[in-house]
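Worksheet: one structure, shown below.
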Amino acid sequence: MSIAATTAREVTAQLATGKSKDRTVGSLVFLCALWFSLFFGVMVLVALIASTAIKGAPRFDAELLTNYTSIVRPETAGFRAGILGSLWLMLFTAIMAVPLGIAAAVYLEEFADPNKPWNRLIEVNLQNLAAVPSIVYGLLAVAVMALLGFDDAGIVLGGALALALLILPVIIITTREAVRAVPREIRDGSLALGATVWQTTWRQTLPSAVPGIATGTILGLSRAIGEAAPLVVVGLAGSVLFDPEGMMSKVTALPMQIYSLTSQSREELREAASAAIIVLLVMILGLNALAIYIRNKFQRSW
Amino acid sequence: MANPPATATTSVDKPIVGSLSEVHADADRPLPAHPVTTVMEARDLNVFYGDFHAVHDVNLAYGRNEITAMIGPSGCGKSTVLRCLNRMNDLVTGARVEGQVLYHDQDIYAKGVDPIAVRTHIGMVFQKPNPFPKSIYDNIAYGPRVTGMKVDSMDDLVEEALRGAALWDEVKDKLKQSAYGLSGGQQQRLCIARTIATKPDVILMDEPCSALDPIATARVEDLMIDLRKDYTIIVVTHNMQQAARVSDRTAFFTARPDETTGNRTGLLVEYDLTSKIFSNPGDKRTEDYISGRFG
């Protein structure tokens, strides 16, 4: 028998042992633990959504979206005011938070000298601000509105201000990441052609960062749309029987309505609240899906 | 440059010989057949990154319509010197430049000199092809647009630049397509075309072929030799064969470790005609490097 054949057989014996070191008892137990953790996390979520959906099922009708809430006729109570109110709040939140957030992020990434102590202070603070409980932003918004001399509580401007303050750090942080992801070479290429830093930022960096900025903004808004706590503090009503008409209009929001209805004794109203939770979830999932779509569609690999 | 330095830029071109002989003693060699005058000159150039002394006392003159190669081992400061020549080092936090960089007798580090204007005269091509995420056409048109160049016909300018970079025939039917669809070598020639579209005087190239395959490298090298008749080219390269093939003069840099800190400071060892450097170098360190005994 040749040496080569012997070697081949020895190698085969070593490789084809029929067992794998990836399949020891310890690793299988660990794998099961991982599966269980995953299963547990997902199941809790599924159970929550399913029970809410079942509870709200009788109320999945057009009236849920088109009617106002009514104590007199709870079986046809709708969330028209809350849905429209949430949309108005989102619009003004975006108007306030997006330009400010992008501008702040671009300053910090492209113009600020990272070695200056005040810029480092801003850096640290931004990270902390993103972790501040949302109710604190509600208090801040109340103070700002009082300082600005608005007497009315619970108007679109106040609610949007609270939500804008809430998501501003999120927008700044995600925009900075998007801007940072634009390679240095693109900036160098632009500057080496005689473009100014300003031109480079406007014509190269920002356009390239738009998908990332859009994704971060939408995720920030989807966080804001589900918030009730800061809106409670700002004084938004739990129920409003008219559509919002402008920044100064009294308004409610979907989470506010859900919050106020779940504490009602009437079964029909709690049913309506469950249905409204599903509506809110659909809105949030829709926003997140849009963010994922934008990210996948426009994301560039450098 | 639109401000006062403009008068200086168009003034005297002085012979390179004087500066060269300071670097290398026997200046009685025959110079290249074409007339040689200094376009740029580094005088006592020192570069620091924070406390780190990156480049020590470089004196180097670059001749008009020549290709000057800067070679040397990694960390010898050759790229740093190159980036000083159009003030790209300004963009590095903590970078400090001492000494002078003369461009037609104007110190580009003097007070009142606008680095943006400097870069329109002294263009740069980078190591990794870095086209903008735009169409081929817009890549070329970008420079003239941002600098506000007076252009009669942008289409003509784009064609001229692409022809200048020997890329026109390959891309003339897809000018509106993304530059990212081009091959690496085409992208690098596009970057060269983009640079010449702003009509610079000097083109700096920082290892322009290190990310390219041999065939693309050969095309870029041919292009460099073509461009020499209209532009002054200063190229940093790791590739000694490339320096030997394309350059008229070669500057050899090396890194000297500091005895106390161990930091390596780059310095110029020898600067001469390329043929001389590669056949009969005047310094032992150059000889060791080009013969492969070191670096």
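Note: Cβ is positioned from N, Cα and C throughout, glycine not excepted.
The model shown is predicted, which means the values in this text are computed figures rather than measured ones.
Features reported for this protein in TrEMBL:
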- A:83-291: domain 'ABC transmembrane type-1' (DOMAIN)
- A:28-54: transmembrane segment (TRANSMEM)
- A:87-108: transmembrane segment (TRANSMEM)
- A:129-148: transmembrane segment (TRANSMEM)
- A:154-174: transmembrane segment (TRANSMEM)
- A:224-242: transmembrane segment (TRANSMEM)
- A:272-294: transmembrane segment (TRANSMEM)
Beyond the flanks of the transmembrane segment (A:272-294) by at least 6 residues, Cβ under 8 Å: 49, 52-53, 55-57, 59-60, 64-65, 69, 74, 77-79, 82-83, 86, 211, 214-215, 218-219, 221-222, 225-226, 254-255, 257-258, 261-262, 264
Is it the case that the transmembrane segment (A:224-242) and the transmembrane segment (A:129-148) touch, counting contact as three or more CB pairs under 8 Å in which the residues of each pair are 6 or more positions apart? yes
Other than its close neighbours in sequence, what residues sit by the transmembrane segment (A:28-54), given a CB gap under 8 Å and a spacing of at least six beyond its ends? 274, 277-278, 281
